[in-house]
């Protein structure tokens, strides 16, 4: 990690976090030699590893030369943008084996590994610089950007990456089968389905790229990144929350579109739901910062890219503030699981199993699968205290669950099971429950 950086510019004035971040590559020029070395490695990789693809060969050679050029420009021309541009080249390396359908596992793994290393050198290490100033947002009882807070996000992202990469290896033809402990050939059927083949590249491979970026973004920034890097927290929130929920929806529709489930897909989607729950607090702190900066007269655009400072007097430091130490309990600050959300999850799981229990099929089975999975999804997201209001989405879902058996002509037991489950879900979605922490101006939105 880079040394703590003072907030004074050469003229004695106060530098903004974004300005300090932009110029930091010029203070860590040793990193560029690592990027240049990776570029040289890429140039010679195709012949050494037998790529068997002219497109992959030329891609790696050209990309390697670009990395060497960007490293040289950063060192000799003192251009920090060239260093950050290397990060974009690293993203391309993650995508290239999918775009060109790399015929060998060696080409796929080499580009993936080098791409991750390039991103780490050019972006992650650069943006781990420590900055002075308060770490707890005004009115908050804890800091949502500590290393402990980010650890579960990184761990879940890494699990999703390895699971997706394993499935991508099957789609790209490197392995002949994918193990599934619960649904037999369900995973294979999904990976070979028309839905998967509708994507121009491996959809599992795209998932691996997304998870890799999420895990890497978990390492970015110091323990004050909610105020020093609003742009990064925004992009991280977009990747995890809306895009992550879209991925969950795709998994939810598998029994309807393909007719089976996939164990690794379900585990990855369940992990993504907890990532959403664990991410909303940092996004809320970032929104609070932007609101304060615009109230002070700064433009939203400027505040978004440059961040802002917070004095110790304005920070959320008081007798109720949680310890700043990165102890295990700190991983789950901002998340609480009241009994009624656990009960809502149980109802969702029951609905997903009910077609098998009652032997129902057709539209009723599809409805039970979809509604049950959505109920679980909403309940998990609502465990994040800043997102507790999400539980109200289960109210219309409960109404649909109670009505659906009558619409689709279900057997008597299945009908009353749906009615009871729907009514219970509506009742369980009303109470907010105890909120353990304080969230500044976001508190009024926790209803």
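For all residues, glycine too, the Cβ spot is worked out from N, Cα and C.
The model shown is predicted, which means the values in this text are computed figures rather than measured ones.
Residues or ranges marked as domain 'SPW repeat-containing integral membrane' in TrEMBL: 33-122 (among others).
What TrEMBL lists as domain 'Vitamin K epoxide reductase' is 152-279. Each residue in the domain 'Vitamin K epoxide reductase' (152-279) has a pLDDT score, and their mean in this model is 95.
Break the domain 'SPW repeat-containing integral membrane' (342-429) down by DSSP state and the numbers are 78 helix, 1 strand, 9 coil. Here TrEMBL flags 342-429 (among others) as domain 'SPW repeat-containing integral membrane'.
According to TrEMBL, the transmembrane segment annotation covers 30-48 (among others).
Per TrEMBL, the feature transmembrane segment maps to 55-75 (among others).
Among residues of the same chain six or more beyond the transmembrane segment (81-100), those with a C-beta under 8 A of the stretch's C-beta atoms are 25, 31-32, 35, 42, 53, 55-56, 59-60, 63, 66-67, 70-71, 73-74, 107-108, 111-112, 114-119, 121-123, 126, 168, 172, 201-202, 205-206, 209, 212-213. Marked as transmembrane segment by TrEMBL: 81-100 (among others).
With a threshold of 8 Å between CB atoms, the same-chain residues lying at least 6 positions outside the transmembrane segment (107-127) that come near it are 2, 21, 24-25, 28, 31, 34-35, 38, 41-42, 45-46, 49, 51-53, 56, 60, 67, 83-87, 89-94, 96-97, 165, 168-169, 172, 174, 208, 212, 216, 219-221, 229, 232. According to TrEMBL, the feature transmembrane segment maps to 107-127 (among others).
The feature transmembrane segment is assigned by TrEMBL to 147-168 (among others).
If you look up TrEMBL, you'll see 229-252 (among others) marked as transmembrane segment.
If you look up TrEMBL, you'll see 258-280 (among others) marked as transmembrane segment.
What TrEMBL records for 331-351 (among others) is transmembrane segment. Using a Cβ-Cβ cut-off under 8 Å and counting only residues 6 or more beyond its ends in the same chain, the transmembrane segment (331-351) has close neighbours at 142, 144, 148-149, 151-152, 277-278, 280-281, 322, 368-369, 371-380, 382-386, 391, 394, 401, 417-418, 421, 424-425, 428-429, 431, 433-437.
Residues or ranges marked as transmembrane segment in TrEMBL: 413-430 (among others).
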For the domain 'SPW repeat-containing integral membrane' (33-122), the DSSP residue counts stand at 78 helix, 0 strand, 12 coil
Spatial neighbours of the transmembrane segment (30-48) not adjacent in sequence (6+ beyond its ends, CB under 8 Å) are 56-57, 60-61, 63-68, 70-72, 74-75, 83, 86, 93, 107, 110, 114, 117-118, 121-122, 125-126
DSSP assigns the residues of the domain 'Vitamin K epoxide reductase' (152-279) as 94 helix, 0 strand, 34 coil
Are the transmembrane segment (55-75) and the transmembrane segment (229-252) near each other by the rule of at least 3 C-beta pairs under 8 angstroms (pairs 6 or more apart)?
-> no
Same-chain residue ranges lying at least 6 outside the transmembrane segment (413-430) that approach it to Cβ under 8 Å | 340-341, 343-344, 347, 350-351, 354, 358, 360, 364, 368, 375, 391-392, 394-395, 397-406
